[in-house]
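Structure record follows, encoded as structure tokens.
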């Protein structure tokens, strides 16, 4: 029960923040979870309300449906009713069972293909029986229109009544079966690009290497030590205020974050991206429609208890929802967005030196790119996104490598994913700083985003004008700048023997001309 009190006329409503699970996203800035709740106090003056063959493969399996409602228990064999549905080509899945099964296996998915197909066959059988009974009921109704003996009419009345009762039961069964089929189908992941390596993360294929690790003539410090000596952040105070894995940025670190964001936005906007800031609380249904599974085992989403809302883990989610349930014109494509937001993730992963400091945190700032395009253009825009990322990191002077991630590392929506890992000398290893994913029409079929081809309308024999059939767009997302990881890279790679840190030249105009961060005078 929430504790309420009055403060200057305002009601303080204490809301427990529960966590709901999510499947791995297009980025591996996804962390493990432990049972955990957080409490937030919301201030309000009013009581808050309650709250090629592969192209075919893509089309068939990117239409999975997910229940949009908050988590509900299944009891007494009652099926949870999905609040929205996506068109799924179950016939194609059945006809291509082997390809779908192999994809599920390669991606280490827990999807139950056999159950999906079994439910589909049952649905077809019941559907046929429903159609048969409807036909018989119509025949009885037609017979009763004629002149009949009372006894004959009574027999037809009884027959019609029995048919109606049987039909009502079967129709209810059919609805429940369709709902169950939809809920099971949500677990089937997107199909996979034929060039993606099969296996776990270690099987990922190297695409590109830029630069080489910098050499130092002095003992290398990690970003935690550098930040402490330069008075750039405070983890201890944040732990008292908010809990572990939160932080205060201070002094030049604040300017560096703002510089990174402004510089990144400026550079990406040159590529015809529209800048956005986004809502940071969204409906759980939008999270689900983006292909995440908020009721899976590895939660990453903060869900506001007793509501249908969540804190976002990436701007991909609110940006993906902008054109939800709409048909855009072909001439407007591609739609290219670059969005700044704060991101919230429930658990920062396993403890240890590899995840210390800013590398894994609960809250961070991020600039995200998102593209909606025609189906035949998504591979091209995927290449464009990774090139933008590589150009950004190269201009900062970072040493990094780009990987074509293996099947076992792909989240359910991703058809293909490229990761960028930068060298972090203080940590003594490469760490992921970005990723770029092509989700084909997996998300758009859930979000209901289509475009109408600009073909000339046709006229039927009856004189009716027929417009071109709308098609689902393809969606892509990529991280342009995840601020904490970039701070780790900059502090560790550009540290100097005298304790200072050099600011890369592209960022200096956005920091008032500051060229370096120096130790404070004692």
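Keep in mind that glycine also has a Cβ here, set from the backbone N, Cα and C atoms.
Sequence annotations record features per position, and here TrEMBL assigns L-serine binding site to 314, 345, 368, 477. All protein chains considered, the CB of residue 345 (L-serine binding site) has 27 other CB atoms within 10 Å.
According to TrEMBL, the feature ATP binding site maps to 345, 346, 347, 361, 362, 363, 364, 432, 433, 434, 435.
Look at TrEMBL and you will find 94-180 tagged as coiled coil.
Mean per-residue pLDDT, taken over the domain 'Aminoacyl-transfer RNA synthetases class-II family profile' (222-504), amounts to 93. Annotation source TrEMBL lists domain 'Aminoacyl-transfer RNA synthetases class-II family profile' at 222-504.
Residues annotated as site 'Important for serine binding' in TrEMBL: 479.
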Students should find that the Cα atoms of residue 368 (L-serine binding site) and residue 479 (site 'Important for serine binding') sit apart, in Å rounded to an integer, by 5
Anything within 10 Å of residue 433 (ATP binding site)? Look among the recorded positions 314, 345, 477, 479, comparing CA atoms, and list what you find. 479
Pairwise CA distance, residue 362 (ATP binding site) versus residue 345 (L-serine binding site), rounded so that it is a whole Å: 5
Of 364, 435, 479, which is closest to residue 345 (L-serine binding site) if I measure between C-alpha atoms? They're all recorded positions. 364
Of 314, 477, 479, which recorded positions come within 10 Å of residue 435 (ATP binding site), going by C-alpha to C-alpha distance? 477, 479
Among the L-serine-binding set 314, 345, 368, 477, as the record gives it, the longest Cα-Cα distance in Å: 18
